[in-house]
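Below is one structure, written out as structure tokens; the observations come after it.
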Amino acid sequence: MRRNEEKQGRQAPRRTSAGQRQRAYTRQRRRKRMQLLFYAAVFLVVVATAVVLCLTVLFKIQAVEVEGKSRYPQEQITAACGISTGENLFLADVGDAADKVKQACPYLGKVTVSRRLPAKIVIQVQESAVAGAAVWNGKYVYLDASGKVLEITAAAPADSPIVKGLDIQNAAVGHSVTYKNKQKSSLFGQIAQAVQDTGFTGVRGIDVSSEYQLRVTCKTKAGKTLTIVLGNATYLEKKFRFAKATIEQHLSDEQGTFDVSTVSKEKSITWFTPASSAASAAASSTASSKQSEGSSSISQAENQTEDTAEEDTGEDTDQGGQTEDGGE
């Protein structure tokens, strides 16, 4: 009896239609979507607040430091970059700052400006070496290997090479030089780069007047002068390496011309002509020339003597003839 009463007391489960189930599912999806939108909005507000705080309150630049050795004082470099303490770290234009430093400090060949958390700007610098100096408008234009103008002065460089054969059209300190002949400027750049890459020292002159007879003049450790004939611009690095090793081992006390123009990938045939031999050859050539001139003068004198003798003989003959006529 009790079980029947319990069964009768229970309510029968309500049956839902398909439409009701669809509406419930739609409401549930809408509720989840609203929750996602709410969370997304909260997240965006938090991010925006964090960004505003970072750009206005946090990450203020407290120091601008310089790393690397150069001839310029740190104060000059930091002033040239245009970034000051108190500015926001992430709003600072580090790329533009590097360009400004290069123009204001032309001897700096490599400049990198970077951010360093939490509040520091670091300027890393590397100084360029003078690859050569070319004459332009009566002054010397100091150039690095890339063709950047480091300095324009009336004084000739003491320890840097003088470059011959470069036709400079315009030059401004801190900017790349412009040439009338780009081919020769490329040759100078290749030679300067090869000198740097091989560690070749003592270069005092670079001649790019002829693209097939490139020459370099250098001083050895013993103070002797050597002219290195490079020929064309092929295998320049190998030519300089070979010349460097040969000079250090055999030619440091010699003076003359070292021809490495035929050095290539397959062979390394070179010639060295001592200055004494060249001078002797020049003297012999001069003596031969003078001897030829002397012989010519002697021949001319002999011819003149013979002509004069013939004229004198002719006159005597005529006079004799006249005398003979007079006797008759």
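Numbers run from 1 along the shown chain.
Glycine is no exception: its Cβ is also placed from the backbone N, Cα and C atoms.
All annotation found in TrEMBL is predicted automatically rather than curated by experts.
According to TrEMBL:
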| type | residues | note |
| --- | --- | --- |
| REGION | 1-26 | region 'Disordered' |
| TRANSMEM | 36-59 | transmembrane segment |
| DOMAIN | 59-128 | domain 'POTRA' |
| REGION | 280-328 | region 'Disordered' |
| COMPBIAS | 304-318 | compositional bias 'Acidic residues' |
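In the predicted structure, the domain 'POTRA' (59-128) carries a mean pLDDT of 93. Taking H, G and I as helix, E and B as strand and the rest as coil, DSSP gives the domain 'POTRA' (59-128) the counts 19 helix, 24 strand, 27 coil.
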